[in-house]
Amino acid sequence: MAAALHAGGSTSASGDGEAPPPPTAGRRRGGWITTPFIIASVAGLTLAAGGWMNNLIVFLIQEFNIKSINAAQISTVVFGCSNFFPVLAAILADSFLGCFSVIWISSLISLLGLILLVLTVTVDGLRPPDCETGSSFCANPSRIQYAILFAALALVSMGLGGTRFTLTTIGANQFNRLKHQTTYFNLYFFTLYFSSFISATGIVYVEDNLSWVWGYGICIAGNMMGLAMFLAGSRFYYRDKPQGSPFMSLARVVVACVRKRNAGVSSESANYYYGDADGVKGAVEEAPTKSFRILNRAALKTEGDVLPNGSISKPWKLCTVQQVEDLKSLIRILPLWSSSILLSTPIGIQGSLTVLQALTTNRHLSHRFQIPAGSMTVFTLISTAVSLTLFDHFLWPMWKRVAGKNPTSLQQIGVGHVFNITSMAVSAIVELKRRAAATSHHLQGGLMSILWLVPQMVIVGIGEAFHFPGQVALYYQEFPTCLKSMATALVAMQIGVAYYLSTAVVDFVRRVTEWLPDDIDDGRVDNVYWLLVVIGVFNFGYYLVCSWLYKYKNVHQSVSES
């Protein structure tokens with residue numbers, strides 16, 4: 001769900017992209033003619049990704065005889081990778097290849113990964129012999145089988161990370177009017193959520209009740225359709241040209257500051273370099289801000305820094321004031337960014353443990369139908385989608401009537417923290433009931449219904465509807481101009497760090513406690529959830545301090561955002 005929200009959020013981050021050029025050679029590029037191809041590609045690739053991702057833990061347990069907690073750990077690492085790769089894809093798109101090339105190459109990579117996954121369930125030698133799930137006599141995968149499995153998971157993760165953000169960027173860049181961009185964003189959101197719902201229910205059901213071959217076969221078909229539809233519209237797309245890595249100019253500030261470490265800091269604006277505006281009549285030249293004054297040395301002009309024509313003689317010794325201020329903006333917002341890591345960490349742990357809990361419950365809704373354990377994320381998906389709709393049409397207008405202005409991004413994120421902590425507390429209480437039911441099952445019969453796990457998923461979904469859009473809006477508004485296209489990709493990076501941190505937390509708990517044995521009925525998963533509540537409370541306090549100290553770069557925009 002987090003990935004879906006970030007993908008949607010990144011579209012708005014691209015809203016200020018370069019406008020499509022005028023008609024060339026009798027054919028106009030960009031505009032609505034490109035939308036069917038891009039939306040069809042989003043639908044196909046989302047179906048393919050959701051089909052393998054939502055049921056990954058069950059796949060590892062049933063087909064590779066991997067112990068439950070280890071399967072959850074592997075799944076978390078894979079999810080983390082899929083959220084790191086968007087940053088790499090954004091850098092490649094901005095600096096070297098452009099969005100179009102990154103998308104079709106990533107789609108092809110994910111297709112190769114899915115083919116490998118299909119081979120693992122069709123070729124007997126690529127997976128351990130079948131045995132009863134949970135049996136102590138199940139054979140472990142061999143090194144070759146692990147190598148092929150991890151190669152497949154790496155490929156599908158790279159493919160997912162390389163397409164999701166760049167698809168939203170290239171779609172937004174086809175329009176130069178805000179009204180058209182907004183309509184496209186709404187269509188993109190609908191497609192993303194609808195496709196995610198289908199994959200989390202239909203494809204997962206096929207995998208659980210028919211076969212993994214059929215389920216992964218559908219994923220391959222969806223991936224192929226997405227790739228084919230994207231390439232079919234290639235002659236209509238407006239393609240942005242690579243502009244170089246935005247991190248290079250920030251690195252130059254650090255290097256220039258070190259090289260001028262012995263220079264004094266001046267308060268006179270005339271002593272600093274402003275780039276194109278430097279020396280231009282009527283140009284407004286303000287001295288660098290006083291915060292992080294040590295960085296101002298990077299823009300301080302010394303003898304030999306500027307050529308007679310006004311250009312820089314040594315780029316790694318002198319920077320513009322704007323480049324210095326960009327780095328300062330990034331430094332100021334990093335504490336807030338870091339607080340979101342421990343906001344997403346409990347969500348990653350909860351998602352994995354909920355699947356393991358679901359496997360031990362009564363999943364039957366009728367005599368013939370039972371809810372697949374891997375489909376539990378659909379309740380978070382629905383909760384977030386419904387909440388976003390209610391917020392836009394009811395909550396935010398009501399908030400504005402009462403408070404006189406829309407809620408700020410920081411306020412939205414803060415409310416999301418509270419819902420996240422509440423969800424972990426509810427998870428702990430429900431786990432107590434589930435464990436008691438599982439303990440008495442052999443004596444009385446009857447497991448706890450899976451529907452008891454729904455409230456915690458709904459609450460965390462409501463929290464996501466608050467804090468994820470709030471993060472996207474905050475970072476896009478407050479990040480330096482040179483990093484606008486990277487702002488929401490760094491949200492994905494934050495989630496990736498959180499997933500890796502969640503594996504570290506689970507590993508630590510397994511080492512120092514007996515709360516997470518292979519059979520969770522013999523453990524204390526409720527204590528894990530209470531630990532997440534404690535972590536959430538401390539992190540919320542850290543967030544409140546950071547938000548109290550933070551000053552919006554654009555106060556008017558921050559209070560009028562919708």
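Cβ atoms are placed via backbone N, Cα and C, with glycine included.
Positions annotated as region 'Disordered' by TrEMBL: 1-29.
Residues or ranges marked as transmembrane segment by TrEMBL: 37-61 (among others).
TrEMBL lists 73-93 (among others) with the feature transmembrane segment.
Panel annotation: around the transmembrane segment (100-123), residues 41, 45, 48-49, 52, 63, 89, 92-93, 145, 148-149, 151-163, 166-167, 170, 211-213, 216-217, 219-220, 223-224, 226-227, 230-231, 234, 237, 239 of the same chain, lying at least six beyond its termini, place a Cβ under 8 Å from a Cβ of the stretch. The feature transmembrane segment is assigned by TrEMBL to 100-123 (among others).
What TrEMBL records for 143-163 (among others) is transmembrane segment.
Taken from TrEMBL, the feature transmembrane segment covers 184-206 (among others).
What TrEMBL lists as transmembrane segment is 212-232 (among others).
Remote same-chain residues near the transmembrane segment (369-391) are listed as 1, 4-5, 54-58, 193, 196-197, 200-201, 204-205, 207-209, 351, 354-355, 358-359, 363, 450, 453-454, 457-462, 464-466, 469 (criterion: CB distance under 8 Å, separation of at least six residues from the stretch ends). Per TrEMBL, the feature transmembrane segment maps to 369-391 (among others).
Marked as transmembrane segment by TrEMBL: 412-430 (among others).
According to TrEMBL, the feature transmembrane segment maps to 450-476 (among others).
Same-chain neighbours of the transmembrane segment (488-509): 2-3, 6, 9-10, 13, 69, 72-73, 76-77, 79-84, 86-87, 89-90, 161, 165, 337, 340-349, 352, 468, 471-472, 475-476, 479, 515-516, 528, 531, 535, counting only residues six or more beyond its ends whose CB sits under 8 Å from a CB of the stretch. What TrEMBL lists as transmembrane segment is 488-509 (among others).
The transmembrane segment annotation in TrEMBL covers 529-550 (among others).
Contact between the transmembrane segment (184-206) and the transmembrane segment (37-61) is supported by 3 or more Cβ pairs under 8 Å, counting only residues 6 or more apart in sequence. The transmembrane segment (37-61) is in contact with the transmembrane segment (212-232), judged by 3+ CB-CB distances under 8 Å for residue pairs 6 or more apart in sequence.
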